[in-house]
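A.B. asks: Taken from Swiss-Prot, the feature Cu cation 1 binding site covers H79, H458. The feature Cu cation 2 binding site is assigned by Swiss-Prot to H81, H124, H518, with similarity to another entry given as support. Here Swiss-Prot flags H126, H460, H516 as Cu cation 3 binding site, drawing on similarity to another entry. The Cu cation 4 binding site annotation in Swiss-Prot covers H455, C517, H522 and rests on similarity to another entry. Residues annotated as domain 'Plastocyanin-like 2' in Swiss-Prot: 156-309. The annotation domain 'Plastocyanin-like 3' is assigned in Swiss-Prot to 411-537. If you look up Swiss-Prot, you'll see N107, N113, N271, N369 marked as N-linked glycosylation site. If you look up Swiss-Prot, you'll see 1-21 marked as signal peptide.
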Amino acid sequence: MASAAMLVPLVLVLCTAAASAAVVEHTFKVGGTKITQLCMNSVIYTANQQLPGPTIEVTEGDTLVVHAVNDSPYPLSLHWHGVYQLRSGWNDGANKITQCPIQPSGNFTYRFNITGQEGTLWWHAHSSLLRATIYGALIIKPRNGPSGYPFPEPYEEIPILLGEWWNRNVDDVENDGYLTGLGPQISDALTINGMPGDQNRCKGSAMYEVEVEYGKTCLLRIINAAVNVELFFKVAGHTFTVVAADASYTKPYATDVIVIAPGQTVDALMNTTASPGRYYMAAHVFDSKTVAVPFDQSTATGIVKYKGVPNYAPAAMPSLPPHDDVVTAGRFYWSLTGLARPSDPGVPTTVDHNMVVTFGLDQAPCAPNQTKCSGFALVAAMNRNSFQFPDQKVSLLEALYKGVPGVYSEDFPDFPPPMQGFRKATAVKKVKYNDVVEVVLQSEQYSSTLGTENHPIHLHGFDFYLLAQGLGRFNPSMKSKYNLVDPQVRNTVAVPAGGWAVIRFMANNPGMWFMHCHLDAHLPLGLAMVFEVLNGPAPNLLPPPPVDHPKCHG
């Protein structure tokens, strides 16, 4: 595995009081890292020679400063997944949306405040498939310490980052996917905290292990950092109580299996009251595609070992659900409810913008430079708009701030247009500050040969209320199913294959905010759109860009 941390975070306390806000400072050097995985030697790109990358811990109200140094050969940006970036949208890290990428040998300092959020988020590269190896946890502690948790204080907190591994350079994987027109090849393994475990053909593969004490309560901070797959996760002989999702508290939900889509996080309490021994934790793919397509069928494993138990003791393996178990997945996703805090204003009841956004995959003619393409290439769209990243030397946010014409159009449709095929466009939906937006997200079968699948839809810049979700087609009568009392609060929703989800949010954050599928195979195909949120009254204004903001190079 990669070496231990190169740098320890420097915490500069601004006030002498223990509970005062602080500046938490890190330096992330992104560069090549030699690693042996699955019996193969590879060079991958990581932050600070670590896989996963460094865990960031802050307290609510702190300011986070990350000096990003790009020693890789690839332009890149870093995204702080789920952080509101209230009036700090220049730091969101969405490539060509809120910033131009940091060029090789370049650097940029991300600086933003984290207020009004607690729980488990994460950070990752937002440039090509580089996020397969450039990612880490971002943990936000309550301002008043563990007593601020709305559940009993855990004895131990354990980050569990689930990922994917390729035996090839991931940039080559992505490029080949473009040349064939069919997207990237499936991964060679799944990982838990960067390690595949022992359930593969490579004898002696690295496996994550955590030691626990009997009779305690652990808080597992579970993150799906995988690039293209939803996952089932279990620990043999143990059950969970889910207490948060996407850094928003939930009412306690008891389960023996976690279902988690790319981009999502789940906080789950686990009591260590099983017979002392060794127990496998395991994860494998949840795949709900309606057309059979190959997927990674490996199982990632780790070990929960009770203190005092010898390392050679046999370990029990959990029974994971079948890969296509939509019943178990639906039960998990649809059973979670939100736990409102006193400061939560509740679900806004007046809606200014009602939208229906369909999305899916379609077929397009091969482009001239897709030299390995045969017959057709994949394309993706939202409301028949296949999103195109701007090719001018400016990000969308800079174009908004400086009034640069011709970079984007403000004509993203509120409803699916009556057309076949798709149009390629950099189209945004413009809303006023504090407008309330409701979006029906509908998984659509654009092509009879491609079918449908689950799509994790992630919204930058906001949390949203998840009012309802279901299978089949949404119709207005389903509004009676809306949960307006205690809905989940999310930043990423797993929209079922051929199904729907309804989200609602208040646009109280000026800027350009990306909404896209968090399956990285689909993002470059165009499964994305942008919300343009106008300035409000002072101080709710988009500030000027940082002086060292990266410049675009076309």
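Here the Cβ of each residue, glycine as well, is placed from N, Cα and C on the backbone.
Quantities reported herein were computed from a predicted structural model and do not represent experimental measurements.
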A.B. asks: If I take the alpha carbons of H518 (Cu cation 2 binding site) and H455 (Cu cation 4 binding site), what is the distance between them in whole Å?
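C.D. replies: Rounded to the nearest whole number, the Cα-Cα distance is 7 Å.
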A.B. asks: Excluding H455, C517, H522, which residues of the same chain place their Cβ within 8 Å of the centroid of the Cβ atoms of the recorded Cu cation 4 site?
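C.D. replies: The surrounding set, listed in chain order, is F359, A380, P456, I457, H516, H518, L519, A521, L523, L527.
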A.B. asks: May I ask for the distance between H458 (Cu cation 1 binding site) and N369 (N-linked glycosylation site), taken between their Cα atoms and rounded to an integer number of Å?
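C.D. replies: So the Cα of N369 (N-linked glycosylation site) lies 30 Å away from that of H458 (Cu cation 1 binding site).
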A.B. asks: For H522 (Cu cation 4 binding site), what is the tally of other C-beta atoms lying within 10 angstroms of its C-beta?
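C.D. replies: Excluding its own Cβ, the number within 10 Å is 23.
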A.B. asks: List only the single closest residue to H455 (Cu cation 4 binding site), chosen from the recorded positions N113, H126, N271, N369, H516 by CA-CA distance.
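C.D. replies: Nearest by Cα distance to H455 (Cu cation 4 binding site): H516.
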A.B. asks: Taking only C-alpha atoms and a 10 A limit, tell me which of H79, N107, N271, N369, H522 are near H516 (Cu cation 3 binding site). These are the recorded positions.
C.D. replies: H522
A.B. asks: For the Cu cation 3 site (H126, H460, H516), what does the 8 A shell look like? I mean other same-chain residues with CB within 8 A of the CB centroid.
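C.D. replies: My list of surrounding residues reads H79, D92, A94, I97, H458, F514, M515, L523, A528.
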A.B. asks: Spatially, and counting Cα to Cα, which of the recorded positions is closest to H460 (Cu cation 3 binding site)? Options: H81, N107, N369.
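C.D. replies: Checked the recorded positions H81, N107, N369; minimum Cα distance to H460 (Cu cation 3 binding site) goes to H81.
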A.B. asks: Rounded to a whole number, how many Å is the Cα of N113 (N-linked glycosylation site) away from the Cα of H522 (Cu cation 4 binding site)?
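C.D. replies: The separation of the Cα atoms works out to 31 Å.
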A.B. asks: Neighbours of the Cu cation 2 site H81, H124, H518: Cβ within 8 Å of the Cβ centroid, same chain, sequence order.
C.D. replies: H79, W122, H126, R131, Y135, A225, P262, G263, H458, T492
